[in-house]
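To keep things clear, I will list the structure first and then write my remarks on it.
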Amino acid sequence: MLLGVPGTGKSAFAKSLGQETGRPTITLDVGALLGSLVGQSEERTRKALQIVDAMQPAILFIDEAEKALGGSSGQSDSGVSTRLLGSLLTWLNDHTSDIFVICTANDVRRLPPEFLRAERFDGLFFLDLPGQTQKQAIWQMYRQQFEMTEQELPEDKDWTGAEIRACCRLAALLDLSLLEAAQQIVPVATTSVEAVEHLRRWASGRCLSAEQSGLYTHSVTSERRSPSPTSPQHNWN
């Protein structure tokens, strides 16, 4: 399970892993499994997982799992999502096929606790905002992709990999310099500063670090902007 700030490469990692390991990456669209008839969702889920098993060895990718599975209380859909989740949990627990499962989430709190219990996944990893060394590698990759390797790099404080790519793509699309394109990029760490900070605090001590071995730790004294008095507060506890 990969948890992290939006744009930090959770989905890209899952898709790249298939290329690195030589396995096909199968994306499971949980929303497409929902049906209007009684028992239809569970039957679709079983058939989908049978197909996944038949494609072993493979990687099964469930993107933004909290959006697909977070509303599984069953109160608003006559228990359909609850039964679908049950079918998926049974498969996760019992399947013997050579399938490596990767789920991503931006808000793991919305997932039911039974989905995250021990032995369901090998670990819960947190992807933080990239450091300077990581950002330099991302800049190099995208400057080569968009053929602008000689251009000066803009200020990229608190940028994610997705924002670096957006800057390069925008510069190429509008025939701008990277410095000019960067003026149109507002990082998610700025637009959602409170949510990002609460997410990092929630992950501290609960998640493994995706950058280094051991638990992810985040200091409350780290250099972050303070929430404004009028900004909406998010309860991530």
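Any Cβ shown, glycine's included, is placed from N, Cα and C.
Because TrEMBL annotations are produced automatically, they should be read as predictions rather than curated entries.
Copied over from TrEMBL:
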type: COMPBIAS; residues: 227-237; note: compositional bias 'Low complexity'
type: DOMAIN; residues: 1-131; note: domain 'AAA+ ATPase'
type: REGION; residues: 218-237; note: region 'Disordered'
Looking at the domain 'AAA+ ATPase' (1-131) alone, can you tell me the average pLDDT?
83
For the domain 'AAA+ ATPase' (1-131), jot down how many residues DSSP puts in helix, in strand and in coil.
58 helix, 23 strand, 50 coil
